[in-house]
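Below: the structure, in C-alpha cells.
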Amino acid sequence: MLKFSYIIAAGLFVFGLGNVSLANSDAAAIVAKQCKACHGAKMEKSYLNKTAVVNTLSSEEIKKDLLEYKAGTLNRYGQGKIMTGQVKKLSDEDIEALAKYIPTLK
C-alpha cells in the first residue's frame, strides 16, 4: 500500500510539473504576441520611458494590475485604454500564468 501511495504522489508531481511548463509556454506566447512590442521580449523596457519595467514587479503586483486593466479600472501612466484592450481577452488563468512567468525574465 505504501508503494502505491508513492506512485500516486510521484504521478501527481509529474503532472503538476507538466502544467507549470504549459502555463509558462502559454505565458511566453502571450508575451511574444501581445506584450513585447511595447515592453520588450523579456518585459525589460519602459514604454515611452513612462512606465515601470514590468519584469521588476512582483507576481502579485502584475496580477493585480492586469486584473484592474482588464476590468477597465486602472489608468496608470495614461495607458488604461491601451492596456484594457490588450488584456480584455485574457482569461484569469492567462493572467495568473503571466504573473508567475514575467518575474522570471529578469
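Cβ atoms here come from the backbone N, Cα and C positions, even for glycine.
Copied from TrEMBL, the annotated features are:
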type   : residues : note
DOMAIN : 6-106    : domain 'Cytochrome c'
SIGNAL : 1-23     : signal peptide
**Request:** Would you report the average pLDDT that the model assigns to the domain 'Cytochrome c' (6-106)?
**Result:** 87
**Item:** the domain 'Cytochrome c' (6-106) - residue tally per DSSP class, helix then strand then coil
**Value:** 78 helix, 0 strand, 23 coil
